[in-house]
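Over in Swiss-Prot, the protein carries these features:
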- G164, G165, A166, G167, V168, G169, K170, T171: ATP binding site (BINDING)
Amino acid sequence: MTTTVETAVATGRVARVIGPVVDVEFPVDAMPDMYNALHVEVADPANAGEKKTLTLEVAQHLGDGLVRTISMQPTDGLVRQAAVTDTGTGITVPVGDFTKGKVFNTLGEVLNVDEKYDGERWSIHRKAPRFDELESKTEMFETGVKVIDLLTPYVKGGKIGLFGGAGVGKTVLIQEMIYRVANNHDGVSVFAGVGERTREGNDLIEEMSDSGVIDKTALVFGQMDEPPGTRLRVALAGLTMAEYFRDVQKQDVLFFIDNIFRFTQAGSEVSTLLGRMPSAVGYQPNLADEMGLLQERITSTRGHSITSMQAIYVPADDLTDPAPATTFAHLDATTVLSRPISEKGIYPAVDPLDSTSRILDPRYIAQDHYDAAMRVKTVLQKYKDLQDIIAILGIDELGEEDKLVVHRARRVERFLSQNTHVAKQFTGVDGSDVPLDESITAFNAIIDGEYDHFPEQAFFMCGGIEDLKANAKELGVS
């Protein structure tokens, strides 16, 4: 289950190098197991006269003592006949409190501080929890964010897809969730940066340091410029750290993957390098299997959970593409961040009509919660249907009933906005946590017309009912 010391069990020789694919010859009676990590020393091109250690992962047994491996680093300087050592175990990463506030690569090496680690390490290749270890009941994960809790409730131990382009508030929402898990649930977060831009990873680390959430977070990065083997394994490395917090420290964990599409893309590259026949649209034939091995480990065990938020890039906006389509099969909720909503200054810019949740159903949530969510969605949908008429003829041409719908829908839309804790350094305004019961009461009251006399501005960026009344009082209405 755990590995603390690497033990060399066999030595082989490099037989062939083709880019990140390295064939290694071993004695037939000392073959390394599948997914074992192999080490080979090569000359470091960046530092003349110095050596560096490459890590290779066994991907195929070719027969006659030959194994095909994928390198986790660039293979510059690697030559045939170089000695290769089998570590006797898979790639391992540090686990436990040491990981908090640290930035790691796929191999578990610390990147942001010069600190050695001699403690416990776990292999990144692990089995999903057994069926009898799983939490049988479906439980809502309350965040304190009105629009999420009311309209797209998250499942404890579930998987949430996060859709959003650049500049619509995705990073702020991710940081806010990390903050709320740490402060409201006394939990910890793990962030896996899979195949994204190095600049974005650096920006995230800086912003998390500024907002004070990095000390409750472990970060693992395998960025866009790294070999496909690294990008394929980085999500597993992050998930292994999260599993330790769940299984050993008995904590609730929030696990972020940015971007899950890059995980699939890396798998496709590795599959091609290994000579497998491509499947639909050029993807790997084992796409569903690879995705399942990752997603099935993200779950609730008895009393503790890993809840996952996964940023999803949709190639060419085609939801039927095999990569996003395979991911959708595993999701419990989708949170869609909308540019038109963010342009109105409404944050979090969650689209209440496009976002969905599996548990927005009376079987899983209270009837009053379901009824309130349906009322909000109905009034917003009516408002959306009327917008074309308003744009062409103007609001004065609507009937009295439709005018009332628009009047209340605009207030509901603004009341879905909320100040966040992590944005306080920019806005100067404290974030708010709104209990679900208060959200239900407030939205029912707005739709029933109890606050029709309040100006629209009073509903903007406020928390619960008391905040709303305070805003209205400042605007001269009571």
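Including glycine, each Cβ sits where the backbone N, Cα and C put it.
Residues G164, G165, A166, G167, V168, G169, K170, T171 make up the record's ATP site, and a Cβ search at 8 Å around their centroid adds L337, S342, A349 from the same chain.
Shown are the binding-site residues G167, G169; of these, the residue with the fewest other Cβ atoms within 10 Å is G167.
In this structure, of the binding-site residues G164, G165, the smallest number of CB atoms within 10 A of the CB marks G165.
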